[in-house]
């Protein structure tokens, strides 16, 4: 729950006053990231939906959902920067709701956390397909995938609201303050460490486990298939190699996505952990802190470039879509 901001106070008592305002230089960076994220992720959705084969694949259902979520992250990133707290004073119930549900950037962070858990769900689906292929074929269908997607959409808001709403609100002097009203400092530290585990460390540990196991199993299976294929016809061997390469390609693509998730988030989460453990060197106005925030936001616009560079099925569908539009343009 960290943003490119300048807090007005850095003490951790329950009476602190914290207003998050985006520095001028950061606004331009955020608008650029948000704009690229909007265009890139919408493009991914269009490409996948344009291909009949890609549209039917369960994995691509999660990729579409990932892109939709990252589109929302990009949109909220721009909107919450444009319409941020201007240090106005509030007093009414409506003011407090506006403070809690908008000025805290609740929807931005809800979308970010949901995006993280969608990546985890996507990886888990591939894990079951590779490690337990028979079980996956019998049990995993479109309905269950859609159900898991809906669940992912609920996880982000549920987690963020559970601690952001009770700890944010209007102070005695009428300002909207975020993550302020804690029972005590000990409880705040418990929250900080728990938040890091829930939104970063927990998913990261599972991602590392899933991808390590998948690559081990996939390498073993492909080697076994090839040995068996040498006893059959050449056509069968080519089919085995093609299927194996396709599975390896999607796994490599998704593992790169997971790597950049870890890389982009690790800086900010380490800094946030240091803050909650009481390190005095933590400065939320420093250039390094702003760098960690940019890295988190950057994650929402990287995936389209990864798909274009590494995902072979996406590349084929993208080329077909572009060529189709060129033919259409020539005709008319």
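Note: Cβ is positioned from N, Cα and C throughout, glycine not excepted.
Just so you know, TrEMBL annotations are computer predictions that nobody has curated.
Taken from TrEMBL, the feature domain 'G-protein coupled receptors family 1 profile' applies to 40-307. Residues annotated as transmembrane segment in TrEMBL: 29-50, 62-83, 106-124, 145-165, 190-211, 250-268, 288-309.
Contact counts against the transmembrane segment (62-83), taken as Cβ pairs under 8 Å, peak for 106-124 among the stretches 106-124, 190-211, 250-268. Same-chain residues lying 6+ beyond the ends of the transmembrane segment (288-309) with a Cβ under 8 Å from its Cβ atoms: 2-5, 23, 26, 29-30, 33-34, 36-37, 40-41, 43-44, 63, 66-67, 70, 73-74, 77, 112, 115, 253, 256-257, 260-261, 263-265, 267-268, 271, 282, 315, 318. If you take every residue in the domain 'G-protein coupled receptors family 1 profile' (40-307) and average the pLDDT, you get 87. With a cut-off of 8 Å between Cβ atoms, the residues of this chain six or more beyond the transmembrane segment (190-211) that come close are 1, 112-113, 116-117, 119-120, 123-124, 126-127, 159, 163, 167, 182, 251, 254-255, 258, 261-262, 265-266, 269, 272-273, 275-277. Under 8 Å from some Cβ of the transmembrane segment (145-165) lie the Cβ atoms of residues 1, 58, 61-62, 65, 69, 100, 104, 106-107, 109-118, 121, 125, 178-179, 191, 195, 198-199, all in the same chain and six or more residues away from its ends.
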